[in-house]
Amino acid sequence: MADKKGSNSEKLLYCSFCGKSQHEVKKLIAGPSVFICDECIDLCNEIIRDEAAAAGVEASLSRSDLPSPQEIRDILDQYVIGQERAKKILAVAVYNHYKRLKHLDKKDDVELSKSNILLIGPTGSGKTLLAQTLARLLNVPFVIADATTLTEAGYVGEDVENIIQKLLQNCNYEVDKAQRGIVYIDEIDKISRKSDNPSITRDVSGEGVQQALLKLVEGTMASVPPQGGRKHPNQDFIQVDTTNILFICGGAFDGLEKVITDRTEKTGIGFGATVKSKQDRDAGEVLRDVEPEDLIKFGLIPELIGRLPVVATLGKLDEAALMKILVEPKNALVKQYHKLFAMERVELEIRPAALQAVARKAIRRKTGARGLRSIIEQALLDVMYELPTMKGVSKVIIDENVIDGDGKPLLIYEDTPKVAGSN
């Protein structure tokens, strides 16, 4: 091994790969008539790691032991509470999709079509989390796109091919990996056309975007600028085939239940008519009856609906489900805050009544599971601010009064209880 420090009388040595001298690098390792520096070794290690990761993804999607629908469902259960029917639908759809990719090279008379997925459910019901968990389970590139930021090509805003650009960025521009990834398009309901009749006016963020998404979802060669640059003439583009990318579209579809109810519960006229209350059925139950015609009436174009054949509906989360979400999943919020407080060598206790108060508040705000963190963060703000400078605190207790804003956390100083903020 040659050290970079040497006397002037010694012959100057150079790296055989990058050409740097022994004085420009930390170490120069000698072989038979060849030298390699520490920087080139690091670069080689990085290349090997990347290729091993790519091979691992390829193997995970082509191996015979692809997770079964039941195994996929079991893993989803660890992260997502409730939504049993939606998890079953997703497990089968994703299993069939990657099973189809395994058999692409086999010549057969029967060609298997791609089954993209549409998730319908209220805010905070777990749509995004389901898609994220699936991507993590399958170890494939994943990207979330917001449909409300998309516009038709030529207008100010993001065009649909930016979605593929983000997917490429997430896998270091490895095209083969990107072509087997998962794209989640959120707020798909926000780009519905304003009426169920085709408009004669330009709708740059509605029907026009749906038409542009249609090509991407069904499979096309997307042209993406290299390394995230903007498109301009005389530029080489990266070509990405979207045929085998799994697209999952999600949205709250507020008002869709009324469209379904109007179709399914036609009311009669006269004394013999059956009068049904539209409040008799839960919104989640109503959404299960969704048909393509309802989505068309809501404002999605028929062609796009046809490219999203798998429809899974998610129900509104009740108080019991929200309480479970707080404590049961692997990355449950309460477990996260326990860990944060443990870093300060303090035990955190959130009492069951406090969890119930958090769930009730989230229901009142109509934010679902998404609003749970902000409620807990607000309740713990003062104590998290003061705790790092406090001495001798061993435990913090949170009850329902803290969540409702009527009290402060109880601090345990060795054997003496004390209220936060009191002197």
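Along the chain as shown, residues are numbered 1 onward.
Cβ atoms are placed via backbone N, Cα and C, with glycine included.
What you see is a predicted model, and the numbers here were worked out from it, not measured in a lab.
These features come from Swiss-Prot:
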type	residues	note
DOMAIN	3-56	domain 'ClpX-type ZB'
BINDING	C15, C18, C37, C40	Zn(2+) binding site
BINDING	P122, T123, G124, S125, G126, K127, T128, L129	ATP binding site
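Sequence features, as recorded in Swiss-Prot, placed on the structure.
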residue	record	DSSP (3 states)
C15	Zn(2+) binding site	coil
C37	Zn(2+) binding site	strand
P122	ATP binding site	coil
T128	ATP binding site	helix
Output field, ATP shell: CB within 8 Å of site CB centroid, site P122, T123, G124, S125, G126, K127, T128, L129 dropped: G121, G250, L314, G368, A369, R370
Entry from the binding-site residues list P122, G124, G126 having the most other CB atoms no farther than 10 A: G126
Largest tally of Cβ atoms lying within 10 Å of a Cβ, found at which of the binding-site residues T123, S125, T128: S125
Spatial neighbours, same chain, of K127 (ATP binding site) - Cβ under 8 Å, 6+ residues apart: L119, G121, D186, G250, L314
Residue with minimal Cβ packing [other Cβ atoms within 10 Å] among the binding-site residues C18, C37, C40, L129: C18
Nearest-integer angstrom distance between the alpha carbons (Cα) of P122 (ATP binding site) and C18 (Zn(2+) binding site): 56
Extra residues within 8 Å (Cβ to Cβ centroid of C15, C18, C37, C40), Zn(2+): S16, F17, G19, K20, V25, L28, F35, I36, D38, E39, I41
